[in-house]
Amino acid sequence: MGIELVCLFLLLLGRNDHVQGGCAWGGAESCSDCLLTGPHCAWCSQENFTHLSGAGERCDTPANLLAKGCQLPFIENPVSRIEVLQNKPLSVGRQKNSSDIVQIAPQSLVLKLRPGREQTLQVQVRQTEDYPVDLYYLMDLSASMDDDLNTIKELGSRLAKEMSKLTSNFRLGFGSFVEKPVSPFMKTTPEEITNPCSSIPYFCLPTFGFKHILPLTDDAERFNEIVRKQKISANIDTPEGGFDAIMQAAVCKEKIGWRNDSLHLLVFVSDADSHFGMDSKLAGIVIPNDGLCHLDHRNEYSMSTVLEYPTIGQLIDKLVQNNVLLIFAVTQEQVHLYENYAKLIPGATVGLLQKDSGNILQLIISAYEELRSEVELEVLGDTEGLNLSFTALCNNGVLFPHQKKCSHMKVGDTASFNVTVSVSNCEKRSRNLIIKPVGLGDTLEILVSAECDCDCQREIETNSSKCHNGNGSFQCGVCTCNPGHMGPHCECGEDMVSTDSCKESPGHPSCSGRGDCYCGQCICHLSPYGSIYGPYCQCDNFSCLRHKGLLCGDNGDCDCGECVCRDGWTGEYCNCTTNRDSCTSEDGVLCSGRGDCVCGKCVCRNPGASGPTCERCPTCGDPCNSKRSCIECYLSADGQAQEECADKCKAIGATISEEDFSKDTSVSCSLQGENECLITFLITTDNEGKTIIHNINEKDCPKPPNIPMIMLGVSLAILLIGVVLLCIWKLLVSFHDRKEVAKFEAERSKAKWQTGTNPLYRGSTSTFKNVTYKHREKHKAGLSSDG
């Protein structure tokens, strides 16, 4: 046994040899603290193993401890392990006694886990042949299911006959449901309470929640007889109280007659959705469902009007707890809803039911065969803080990671599952887990505990002479000092030496938290990343900035948190070279005069400039014309505009100098200015590659125009043009008048007038004759003659 342990330990050494740093860096002061530092850390309990640097050096990987001189028997490195308590072989073939059937292996084990380390165990499941079956038929007896009730009156005999081909031990039972008998789920008039179908008119039973009618029995004729006696009921809303019925059928184990060693099938038949959860608050029912059996002496659900409908989560818990497999037989309109429910409920299946339940027998047989062709594991118990993962190995030999289900299995085939378990921290308490196949009563019980203790902790020497005159207890190779004493061997008294001398300033941790105060002096911890040093362990050579993952860009040394760059390098993390060779263009100009050399690379300044040395610049133009804006601003600016001109020149990468430079190294330029002057200047480049403009001159400038004379000439020209136009107008008018007069004279000389009366003339005297006057004279003459 000892040789086997040594071989196992050496194997672990080889596996963990690559793990570096994390253990020693943790600063563990005891064996238990070391085990918590990491899953690959080990503790050396060998006496006098460390020097004054303290106990932290004892915690490291096993390989590093061996390299430091720790002997193998003194290395504490607990590993995760499995202790199998019970492992009966899986049953093969038919078993006479159902209590002897074993369908899962192993059956019981203890799992001790090192925090952070995984442990894998294998679970095997094999469904035995001729396994007993209990089938409970739960039917919706609302008015819409009347034709279905007539169809299943002979179902018992036919179902028993078909199931006898699959198992020799078959029992079936019957129950029914409608709805909670309370408003608003039913009408509450006296007539409707007595006969909910009175408005049709038709006689039906009063609304009820759930009735358990026939316990599980092998008498198929008894089932038929019970079904024939059933009558429908009615309610108002479309959803039914089916989930109330499922809950009672699952938890009322004794009354239903569920056997321990059998397959429990619950066939749920309905043509409507089901209420769940808080739907019952519409009826003022607010007490949550308690998940207990509430069948009275008449086998009716007595708490239908008191407790809420169960939630989906409550149904799942109780169905799994009682190993009940649910078969939803529902009509076309409801299939989608119940498929969603089945996805949440382990082992549940959905079948399409015809309008009159004509296919119920085929549906049940198909669902049974589907359930027997699948093996799925479920985990019960306290899993909080545990990491569990599954890998399925089905009968085709293919691995399915992260899957705990095998499909298309045959009865008698073996399904294997690799279960990987780990814990993340140490827990004093143990926990119990149960792994079981869905729908089967066989279980694997697992007791899980954390392995966080070292063997050396069982032995302790109080007031040991190894701890300087008995000033501490010796355990696992280190001294735990009594109050008032300190130091690796408890050789210093706290009243003699103050830890303030190990603090850089008041309020700072002792030895910067990276060392131990040993009798007034800091002994810095060892670090896998480098050295920790300084009177207060405040410095190290590994905490500087990194460039591309390299400390100080690999171009300098880290000293107390700052990079000290080597020759030819600069910058905060020594990533910037001072060499300008790569910035010099072919003509020897730094960045072609169009940029600045930054860290050995050209940063092009001119718009459009590109290339390693800014040599490409299609938009830069000729060097003379590109300086036009700078030159013209300089020539036209007064004292106040000099800053604006300096900005314009800076924008094109140039400066203007009054000094004279060598004409041999300068480029001569000439431009035509806005004022028609010829501007001449020279361009040169200094040692830094910057453009310098000098020797700026203006020549051949035209004289400015005589503005007063121009204005006088223009005015006289305008006046002269006006006079000429006026004369021309006068000549044209005179010519036209003369022409008209001559024409008139010619026409007058040709005219010959005749003597006669002007038809338009009227005389000055007019004679008017009064006709009335003549008659009046005649009348007077007549009167005279009569007289």
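Using the three backbone atoms N, Cα and C, a Cβ is placed for every residue, glycine included.
Around LYS355 (Ca(2+) 1 binding site), taking its Cβ as the centre, 12 other Cβ atoms fall within 10 Å, counting all chains. If you look up Swiss-Prot, you'll see SER144, ASP147, ASP148, ASP271, LYS355 marked as Ca(2+) 1 binding site, on the strength of similarity to another entry.
A simple way to gauge crowding: the CB of CYS41 (disulfide bond) has 26 other CB atoms within 10 angstroms, across all the protein chains here. The disulfide bond feature in Swiss-Prot is assigned to CYS23-CYS41 (among others).
Within 10 Å of the C-beta atom of CYS31 (disulfide bond) sit 26 other C-beta atoms, taking all shown protein chains into account. Taken residue by residue with DSSP, CYS31 (disulfide bond) is part of a helix. Residues annotated as disulfide bond in Swiss-Prot, with similarity to another entry given as evidence: CYS31-CYS454 (among others).
For CYS34-CYS59 (among others), the entry in Swiss-Prot reads disulfide bond. Cβ neighbours within 10 Å of CYS59 (disulfide bond), excluding its own Cβ and spanning all shown chains: 28.
Residues or ranges marked as disulfide bond by Swiss-Prot: CYS44-CYS70 (among others). Sequence-distant neighbours of CYS44 (disulfide bond): residues of the same chain at least 6 apart with a C-beta under 8 Å from its C-beta are ARG58, ASP60, LEU65, LYS68, CYS70, PHE74, ILE75, GLU76, GLY477.
A sphere of 10 angstroms centred on the C-beta of CYS197 (disulfide bond) encloses 17 other C-beta atoms. The feature disulfide bond is assigned by Swiss-Prot to CYS197-CYS204 (among others).
Other Cβ atoms within 10 Å of the Cβ of CYS293 (disulfide bond), summed over all protein chains shown, number 18. According to Swiss-Prot, the disulfide bond annotation covers CYS252-CYS293 (among others).
Under the three-state DSSP scheme, CYS476 (disulfide bond) falls in the coil class. Taken from Swiss-Prot, the feature disulfide bond applies to CYS456-CYS476 (among others).
Neighbour count (other Cβ atoms within 10 Å of the Cβ, all protein chains): 25 for CYS522 (disulfide bond). Look at Swiss-Prot and you will find CYS511-CYS522 (among others) tagged as disulfide bond.
Annotation comment: Swiss-Prot describes CYS583-CYS597 (among others) as disulfide bond, evidence class sequence analysis. In the three-state DSSP scheme, CYS597 (disulfide bond) is classed as strand.
In the three-state DSSP assignment, the secondary structure recorded for CYS617 (disulfide bond) is coil. Around CYS617 (disulfide bond), the same-chain residues six or more apart in sequence whose CB sits under 8 Å from its CB are SER592, ARG594, CYS604, ASN606, GLY608, ALA609, SER610, listed in sequence order. According to Swiss-Prot, the disulfide bond annotation covers CYS617-CYS620 (among others).
Annotated disulfide bond per Swiss-Prot: CYS630-CYS649 (among others), in sequence order, evidence recorded as similarity to another entry. Secondary structure at CYS649 (disulfide bond), taken from DSSP and collapsed to helix, strand or coil, is helix.
All chains included, 16 other C-beta atoms sit within 10 angstroms of the C-beta of CYS677 (disulfide bond). The DSSP secondary structure for CYS677 (disulfide bond) is coil. The disulfide bond feature in Swiss-Prot is assigned to CYS677-CYS701 (among others).
Residues or ranges marked as domain 'I-EGF 4' by Swiss-Prot: 576-615.
Per Swiss-Prot, signal peptide is recorded for 1-21, and the stated evidence type is sequence analysis.
Residues annotated as topological domain 'Extracellular' in Swiss-Prot: 22-708.
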* Structure fact -> Same-chain residues at least 6 beyond the ends of the domain 'I-EGF 4' (576-615) with a Cβ under 8 Å from one of its Cβ atoms are 568-570, 652-653, 685, 688-691
* Please name which of the binding-site residues listed here, SER144, ASP271, LYS355, is nearest in space to CYS701 (disulfide bond), Cα against Cα. => ASP271
* Measure from the CA atom of CYS454 (disulfide bond) to the CA atom of CYS511 (disulfide bond) and give the result in Å, rounded to a whole number. => 29
* To do: Find the shortest Cα-Cα separation between CYS522 (disulfide bond) and the recorded positions CYS23, ASP148, CYS454, CYS620, CYS630, and name the residue that gives it.
  => CYS23
* Asked: If you measure C-alpha to C-alpha, which of CYS31, CYS34, SER144, LYS355, CYS583, CYS677 (recorded positions) come within 10 angstroms of CYS456 (disulfide bond)?
  -> CYS31
* Measuring CB to CB from ASP271 (Ca(2+) 1 binding site), give everything in the same chain under 8 Å that is also at least six residues away in sequence. => ASP140, SER144, MET145, ASP148, VAL330, THR331, GLU333, GLN334, LEU353, LYS355
* To do: Round to a whole number and give the Cα-to-Cα distance in Å for the pair CYS454 (disulfide bond) and CYS476 (disulfide bond).
  => 8
* **Nearest-integer angstrom distance between the alpha carbons (Cα) of CYS204 (disulfide bond) and ASP147 (Ca(2+) 1 binding site)** => 14
* **Secondary-structure category, per DSSP, in which CYS41 (disulfide bond) falls** => coil
